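Quick look at what Swiss-Prot annotates:
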BINDING   Asp21, Phe22, Asn23, Arg36, His59, Leu60, Gly61, Arg62, Arg119, Arg156  substrate binding site
BINDING   Lys207, Gly295, Glu326, Gly353, Gly354, Asp355, Ser356  ATP binding site
Amino acid sequence: MAKKTIKDVDLKDKKVLVRVDFNVPLKDGVITNDNRIVAALPTIKYVIENGGKAILFSHLGRVKTEEDKAGKSLKPVAERLSELLGQPVTFVPETRGKELEDAVNNMKDGDVLVFENTRFEDVDGKKESGNDAELGKYWASLGDVFVNDAFGTAHRAHASNVGIASTGIPTVAGFLMEKEIKFIGEAVENPKRPFVAILGGAKVSDKIAVIENLIEKADKILIGGGMAYTFMKAQGYSVGLSLLEEDKVDLAKSLMEKAGDKLVLPVDTVVSKEFSNDAPFHTVPSTEIPDDEEGLDIGEKTIELFANELQGAKTVVWNGPMGVFEMSNFAKGTIGVCEAIANLEDATTIIGGGDSAAAAIQLGYENKFSHISTGGGASLELLEGKTLPGLASINDK
């Protein structure tokens, strides 16, 4: 997946459009976590240092009606960015119009501008998320070069990524996007072996396509989380009150047949009568889950089994928790697996976003992984072997 990057274009005196991912959590107008802004800094600084004018834009939350706009402005983001960069950042409170055009035309080399939430264009006919050609053309007209650095929306064809790129403007990847393509793309297309995938989370249905694609690619697939119970049921075991997708049992059976001994399931399970951190819990073999209890985590023996399967791995991709990670009594499986991956030597270790990323960060292991993906949905689709529209629209090298 050889794509042109920001280093392949001359930025001096150029108006550089940068689609960033500034979709940060806001509470009462205050940013509660600025990770995504921090993650975009290398690309933004590169534009500034190389004499370009940085015109930044992003979506923030979902906006369908006028009322939805409340609390979704990028203004607090522009203010935080200014603090992080140590220089003024101009904020333009519109997505198109004279004020925006004038502000862009008045920029000097090294200046930074942020314009309003791209999804404000969805209020009147889904122009952003429907990839309205006219809107893409308008945004493209504001710049000379387009840098797509928003991997989190790479699996969507929106006006602010695909729409702009399809006008023919030179389109390259920013540093964040480049890193995602390098790590996840490589793992799927050309992994160093042995390649072990660890999949968790609640539903088999969310991961079917990933499992199908990885059966061909991975040497082992370790399954934990709520989705494991559908596989156990497919083996003919009772799963008690555990999360179960009845309509996916036959599919789980056929996936197991296809995978053979590549697929590894939990050998023991932590069960409880209630979905509560205060309820008593104990560990049983996975083949003996009581009818009146539900599985909420993988047991100690499974943590050990998974850690053994990981020994010697050269590429590891982890997506999804092993249990109900939000409850401390049922977080041990996720923590155990996270530690086992973090302590591997000489392996490329990748977390595919979402809850697994939160777990690694919470445990202070973020620097022990080769790569923690910024895009949950996008990284899943890449693991499924799909072509992502946002990636496809970046110029090839």
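Backbone N, Cα and C define each Cβ position, glycine as well.
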Span of Asp21, Phe22, Asn23, Arg36, His59, Leu60, Gly61, Arg62, Arg119, Arg156 around substrate - largest C-alpha separation, Å: 18
Residues satisfying Cβ distance under 8 Å from Asn23 (substrate binding site), sequence separation of at least 6: Arg36, Ser58, His59, Leu60, Gly61, Gly152
His59 (substrate binding site) CB neighbourhood, other CB atoms within 10 A: 26
Nearest-integer angstrom distance between the alpha carbons (Cα) of Asp355 (ATP binding site) and Asp21 (substrate binding site): 18
Nonlocal residues around Gly354 (ATP binding site), in sequence order (Cβ under 8 Å, 6 or more apart): Gly201, Asn319, Gly320, Gly376
Site with most surrounding Cβ atoms, counting all protein chains shown within 10 Å, from the binding-site residues Gly61, Gly295: Gly295
Inter-residue Cα distance where the pair is Gly295 (ATP binding site) and Asp21 (substrate binding site), in Å: 36
Cβ packing number for Ser356 (ATP binding site), 10 Å threshold: 30
Three-class DSSP secondary structure - Gly354 (ATP binding site): helix
